[in-house]
Each structure stands twice: as C-alpha cells, then as structure tokens.
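S.K.: Okay, these came from Swiss-Prot:
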type	residues	note
REGION	43-69	region 'Disordered'
REGION	108-134	region 'Disordered'
COMPBIAS	117-134	compositional bias 'Basic and acidic residues'
BINDING	Thr233, Ala234, Glu235, Glu287, Ser385	L-serine binding site
BINDING	Arg264, Arg265, Glu266, Glu351, Ile352, Ser353, Ser354	ATP binding site
Amino acid sequence: MLDQRLVRDNPDLIANELGRRGITLDLTGLQLIAQQQRNLEEQRSSLQAEGNRIGKEVGQRIQQGSDPKASDVAELRQQGNLIKQKVAVLEDEEKQLSARLREQLLSLPNLPSPDCPEGRDENDNQERHRWGKPREGKDLLEHWSIAERLKLFETERSVRIAQSRFVTLMGQGARLERALINFMLDLHTSKGYREVMPPVLVNTASLTGSGQLPKFAEESFRCAEDDLWLTPTAEVPVTSLHRDEIIPAEQLPLRYAAYSPCFRREAGSYGRDTRGLIRLHQFNKVELYWFVHPDHSQAAHAQITADAEAVLQALELPYRVIELCTGDLGFSSSRTYDLEVWLPGAGAFREISSCSICGDFQARRSAIRTKDEKGTRLIHTLNGSGLAVGRTMAALLETGQQSDGSVLLPKALVPYFGNDRLEPE
C-alpha cells in the first residue's frame, strides 16, 4: 500500500509514477478524503490540547483551595466534558474516513523503481543474461507426450475427480515431484534459509496484506462460509507470518524457503496451455521470501534472484533472465526479474520464477516494522519462486528425453529420485 501522506501531498508524483505502469488515474477524490482526514486530525488535536489545558486549570484551582463544587470549577468541567464529546465525534468521523481512504489505497499498485526499464507490456521487457546451451531438434517431444508414454500423470481421470486443469501424478511422476521439492528445500536451507510449511488456507487479512486482495479476488478460490481462501502462493502466508510485528534490526534479514501447494482459478486464461503441467489450478511451489532492512533491499534482490537461478543451474536447465518493464510489473512489485527456462520440445522459453522487490508496499499493508538506532520504520520484503515444481518437471522431461523413450535426470537429482533416469513401465 502506498503512503497516504505521499498520495495526499504529492498527487502529481503518484500520478506520474502510476503512468509509468500505463495507469491513468484521477487522484482528486482520494486526495480530498486524505485532506479531510488531515483536517479532522488537526481539529481533534486542537480540541484535545484545549481539553488538557482545562483539566490542568481545574486541578490547579482545587490545589489552590477552590471548592470542587464551585461554579467556576463546575463550568470548566462542563467545558471539558463538551470537548470530550466533540473529540469522540471527530474520532468516529476520522475512523470512517480512514476506512474509505484505506479501501482506495488498497486498490493502487506499487510504484515502479527508478531503475525499472520503461515499457508498455511484455514486448518491452529486457533480457539481462542467459545460462546454458538450449537443446534443439525437430523430433523433440513436448512434456505431456513424454509423460503419457511414461504414465507420469492422469489427466482425464483428474477431470472426473475435479475438473479440467488438474492432474494426478502417478508412479515415477509422483516420485519425481517429491524428489524435486526435497531437492529445492535442501539446496535453499543449505544456504541459510529457514524452512517453512505454512497453512494453505489463509484469511482475507493475509491476502490483503500481501497484495492479492482486493484486486485479484476473481483469481482465487474462496471458502466463503469460513472467510478462508486457498493460497495462490506461499508468499501470502509467509508475509503474514510477521504481520503486526516489530522485528529488531539485528535479527534481519529473515530468509524463508516455504513449500506449499498453490491454487489459482486462472481466470482469463481460457484456451491457453490446456495440456500438461504449465498452467494448472493446483500446483506445488517452493517460495523464497526475505524480510530485510530498508537499506539492504537492493542487494537482497540480486541475491534472491541468484538463489533461484542456482536451482536451474544445479538441475542443468538452460534459462534466461528477463527484467520486466514498468508496464508488465506485478501489482505489489517495484522491480522484477523473471527466470525463463528453455523447453526443448516446445522450442520456447517459459517463465519458471519471478523474483521481486516490493519495498515497504506489503509491509505497510501488513504493519511489519523494524527498529534500529534511527527509530521504527517499515521493513522491506522480497519474494521469488525457487521454483515452480510442475514447470521444473516439464523442463526436465523435455531436456532429458532420450531416443529409447527414457528421460535422463541431472546428477544432482539422482540421490533424491533413486535412479538416473525415468523409464517406461
């Protein structure tokens, strides 16, 4: 959430920065609410000061021997009571305005970083670097064809169980998924991340704090009777792990590696990626999440991206790093690097991780602060997939496919899977 004082006092700056995202917005109404709230604060503060003065004068007169029931003292007390009533009315009006202001601020996305490249959409994103040599060939299969030959997952039966865009992993497929999750968690925890397995059902406050609500309500599955939602990413519960807390600066950074199933309705994606593991309603993911001191967030962004890249390198999967332009940024992000893995069968790069710096945007929504010698201020948060497990499996299948129908696995994964390849049953 944006700083309401910044929106109130610098509306042109906010409008210009949101314009970099391609958003044209009239902030007049929001600015008016913020100014009304400020006026009420000033009136309340003035009345409270007058009330304190009257209370002090009453005390002094009594100390000097005045009868507490004397008319002059009683008149002062009556004035004090009237002021208290006026203050109560102003406080109620402030609360109402504050709720309206927060509702509008929650709908505004984060401001892009000054370092973020300008652009309108994904066509203006900029490639930063590549790793590995992409495998190419005319006869290479896409991952769902390989999975069908190896009987790695059930699609039609999953429709019977749930609906389309669900899969049931079977046999070697289920084993490979489990191996990948354990491998990713072990790799990250060996670098100092603390492992987390959070709830997959989260409340509205958690989704609001991370930035999914109110904008992305249609993208999420909701248990309406219980005010609970299926989490679209572990970023949501991990953000709220420290909601309404003050974290001492000496404890920072806090670095978490969280595994969770993720659930997304994929509204608006009809007809896209209807086969295989690329776009599902339910998928597994290992999420990296940092709480950092505001002075250290830029360096942390480089490191969290490198930690996500390390998974792809260990699995010998060629990829490229793309920096998103201002017009393609996610709602809560101020700067993002996407990792795109090469899929030889598809002959294309596909996103497998987004590593984002959110600044104090999520921290303000979730009231997460830190305290150092300079005082108490909002913390900075960062997140990145480390990695999306299903898409990693798809890349492994297409990269390691052999002419005999087997799939050769990278050496780093062999101890977790128990074999160096997937073989036809």
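Glycine is treated like the rest: Cβ placed from N, Cα and C.
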S.K.: According to DSSP, which of helix, strand or coil covers Glu235 (L-serine binding site)?
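M.R.: Once the DSSP labels are grouped into three classes, Glu235 (L-serine binding site) ends up as helix.
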S.K.: Sort Ser385 (L-serine binding site) into helix, strand or coil using the DSSP assignment.
M.R.: strand
S.K.: Please report the Cα separation of Ala234 (L-serine binding site) and Arg264 (ATP binding site) in Å, rounded to an integer.
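M.R.: Their Cα atoms are separated by 12 Å.
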S.K.: Secondary structure at Ser354 (ATP binding site) (DSSP, helix/strand/coil)?
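M.R.: The three-state answer is strand.
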S.K.: Near Ser385 (L-serine binding site), which binding-site residues out of Arg265, Ile352, Ser354 have their CA within 10 Å?
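M.R.: Hits: Ile352, Ser354.
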S.K.: Check the Cα-Cα distances from Glu266 (ATP binding site) to the binding-site residues Thr233, Glu235, Glu287 and tell me which is shortest.
M.R.: Thr233
S.K.: What are the other residues, in sequence order, whose C-beta lies within 8 angstroms of the center of the C-beta atoms of Thr233, Ala234, Glu235, Glu287, Ser385 at the L-serine site?
M.R.: Val236, Val238, Ala258, Ser260, Cys262, Lys285, Val286, Leu288, Tyr289, Asn383
S.K.: Same chain, outside the region 'Disordered' (43-69) by at least 6, Cβ under 8 Å from its Cβ: which residues?
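M.R.: Result: 76-77, 79-80, 83-84, 86-87, 90-91, 94.
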S.K.: Check the Cα distances from Glu287 (L-serine binding site) to each of the binding-site residues Arg264, Arg265, Glu351, Ser353 and keep only the ones within 10 Å.
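M.R.: Checking Cα-Cα distances against Glu287 (L-serine binding site), the binding-site residues within 10 Å turn out to be Ser353.
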S.K.: If you draw a 10 Å sphere on the Cβ of Glu287 (L-serine binding site), how many other Cβ atoms land inside?
M.R.: 26
S.K.: In the region 'Disordered' (43-69), how many residues does DSSP put in helix, strand and coil?
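M.R.: Here the numbers are 21 helix, 0 strand, 6 coil.
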